[in-house]
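Colleague: The following feature annotations were taken from Swiss-Prot:
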type	residues	note
SIGNAL	1-26	signal peptide
TOPO_DOM	27-41	topological domain 'Extracellular'
TOPO_DOM	87-97	topological domain 'Extracellular'
TOPO_DOM	119-191	topological domain 'Cytoplasmic'
TOPO_DOM	213-226	topological domain 'Extracellular'
TRANSMEM	42-62	transmembrane segment
TRANSMEM	66-86	transmembrane segment
TRANSMEM	98-118	transmembrane segment
TRANSMEM	192-212	transmembrane segment
Amino acid sequence: MNHFSKFSVTKRLLILEVLFSAISFGISIYIKVFGRSSIVTFFLLCFHLVPNALFLFPWTIITTSFVDANVFTLLSSILILSVYGVEIERSWGHKEYLLFCQFLTVIPNIAVLIPCFIAYKITDSHYLLVAIIQSTTAIQAGILTAWYQLYSCKKEESSNKFLCPLSKYLIYLFLSIHLFYVFQSFPWTYFCLAVSGTCISELYVLFVHPVVQELFHLESHTQLPI
């Protein structure tokens, strides 16, 4: 069985993350070496700044979900997708896993943008309108939460049995790390994305997943080759 087939949603997510992160890193290096320019600012709006960029480039609300700001978060994302994402995709199938990832890429960003906009209206601080949220944090938190819901509750049979004893603590560790980031002067939005990704994943598994299974007559695809 191939770890990733040509139809794998996980494979496509990994490609997007590496590609967008590389572009983002390249832009950052260009700015440090050559200074800012109108062209660089244009690309920054495409990949970085939300919600300022949202008014000019609506797709940034999605693209920012596939850009990691540093090597640590990128490696963490690759690991979580390659291990836990594969498990969920194998169980749910490609189509539902894609739907699940769409929930995790759009809704958490909106959940962060709304309080930013409200706070801006109250304080009139333009800093709040430049909330950097380029991060796969919501996707990682959502996948970890869904995996915990599926396998730790013995609803499905996990092929990675050595991970089951740790599943109870993974999401709490993940949230704790991102809360620690806030105290280390990292953007507070990362923690907000982690929390919103966790909540959305909980709601999806409890309410949306059973409905999707019923509507489309889907069954568990534990042997799906991905």
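Quick reminder: no glycine exception, Cβ is built from N, Cα and C everywhere.
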Colleague: Please report, as numbers and ranges, the same-chain residues at least 6 past the borders of the transmembrane segment (42-62) whose CB is under 8 Å from any CB of it.
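Modeller: The answer is 20, 23-24, 27, 105-106, 109-110, 113, 116-117, 129-134.
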Colleague: Go ahead and report the DSSP secondary structure tallies for the topological domain 'Extracellular' (27-41): helix first, then strand, then coil.
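Modeller: Tallying H, G and I as helix, E and B as strand, the rest coil: 12 helix, 0 strand, 3 coil.
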Colleague: Using a Cβ cut-off under 8 Å, which residues of the same chain at least 6 positions beyond either end of the topological domain 'Extracellular' (27-41) come close to it?
Modeller: 47-48
Colleague: Could you count the residues of the topological domain 'Extracellular' (87-97) that DSSP puts in helix, in strand and in coil?
Modeller: 10 helix, 0 strand, 1 coil
